[in-house]
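Engineer: I am attaching a structure below and will ask some questions about it afterwards.
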Amino acid sequence: SVLFVAWFMGLGYGFVFTFLYWHLEDLNGTTTLFGVCSVLSHVSELTAYFFSHKLIELIGHIRVLYIGLACNTARYIYISYLENAWTVLPMEVLQGVTHAAIWAACISYLSAAVPPELRTSAQGILQGLHLGLGRGCGAMIGGVLVNYFGAAATFRGIGMACLVILLLFALIQWLAVPDEEEDKTMLAERIPVPSSPVPIATIDLVQQQAEDVLPRVESRLPPKKTKHQEEQEDVNKPAWGVSSSPWVTFVYALYQIKEMVQLMRDSRAPEIQPLQGTSENRENSLAGGVRPVPRETHSDPSRNQPSPQAAASQTRSSPTHPSVAQRVEEREDQQAQPAAGG
């Protein structure tokens with residue numbers, strides 16, 4: 001029944017939003033009047049949103065719906081008997097009660113009536129009924145009725161329909177909910193939802209009071225572990241073993257290939273260095289069989305060719321080039337051997 005009232009109030013809101021200014025234009029209303037009506041209706045909605053929490057706390061959700069249906073009845077019937085367009089301004093103040101207060105009461109009521117895990121879905125259904133289906137039906141059905149009966153007669157008929165629905169809704173609540181105390185316990189401050197216009201401090205206070213009176217024992221299930229986590233926590237399996245997860249296996253294989261390539265590079269490095277040294281020794285031994293012929297120069301040969309003692313001292317004095325010193329010593333030994341043989 002609450003969802004039906006929310007749909008019907010959305011129908012009336014869509015009808016007023018679509019055809020009110022059209023009706024006022026038929027009554028020689030100006031654009032200035034339309035602007036003043038829009039300002040009054042929006043200011044009344046903002047004010048109703050600020051005080052809807054106190055109103056729901058005082059009289060309850062269902063009585064707020066009663067007031068909204070009654071204000072809709074009075075507003076539509078009043079508009080249907082208008083003769084001067086400017087006299088519509090007092091009724092525009094009721095926009096806050098007929099739309100903002102109804103919307104806040106419906107959200108608060110559904111949030112308290114459904115389980116916590118379904119609150120978001122319930123608010124989505126309410127928004128679809130009130131602002132979607134209700135407002136669309138108000139525009140389409142209202143257009144057909146205005147085309148056949150006129151705007152004034154249509155406003156009067158929707159106002160009478162609001163009165164009939166108000167009586168039926170009150171009868172259903174009286175028969176189905178005989179205990180009026182049940183609605184008083186469903187206050188908005190007990191509902192910590194984002195759409196509820198309840199201060200956060202009030203929500204925390206009421207939650208603490210409810211926990212003190214009725215402590216809740218929540219059983220928490222252990223978090224479900226993945227297969228990879230279970231394999232890692234298994235004591236019987238080694239830590240270096242290949243996992244059944246494809247990504248872990250792939251990364252493990254890449255890491256092993258990288259390690260093998262690095263080991264191969266490290267093993268090749270020491271093998272190449274002695275090969276170079278032996279090749280140099282062979283070249284020196286081959287070159288030692290042929291005695292080098294000194295070049296003819298006009299200068300003194302004793303000056304151009306240093307003595308073995310001077311070469312040895314030079315090689316000792318330059319420790320930064322050990323390979324050069326070794327080559328010089330080997331050449332001196334090779335030159336001394338054929339000389340001794342001759």
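Glycine residues also receive a Cβ, built from the backbone N, Cα and C atoms like all the rest.
Pulled the feature table from TrEMBL, pasting it below:
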type	residues	note
COMPBIAS	302-323	compositional bias 'Polar residues'
DOMAIN	3-156	domain 'Major facilitator superfamily associated'
REGION	216-239	region 'Disordered'
REGION	274-342	region 'Disordered'
TRANSMEM	5-24	transmembrane segment
TRANSMEM	64-81	transmembrane segment
TRANSMEM	93-112	transmembrane segment
TRANSMEM	133-151	transmembrane segment
TRANSMEM	157-177	transmembrane segment
Engineer: Hey, which of 5-24, 93-112, 133-151, 157-177 has the most Cβ-Cβ pairs under 8 Å against the transmembrane segment (64-81)?
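Structural biologist: Most contacts with the transmembrane segment (64-81): 157-177.
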Engineer: Counting only pairs at least 6 apart in sequence, do the transmembrane segment (157-177) and the transmembrane segment (5-24) share 3+ Cβ pairs under 8 Å?
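Structural biologist: Per Cβ check, the transmembrane segment (157-177) touches the transmembrane segment (5-24).
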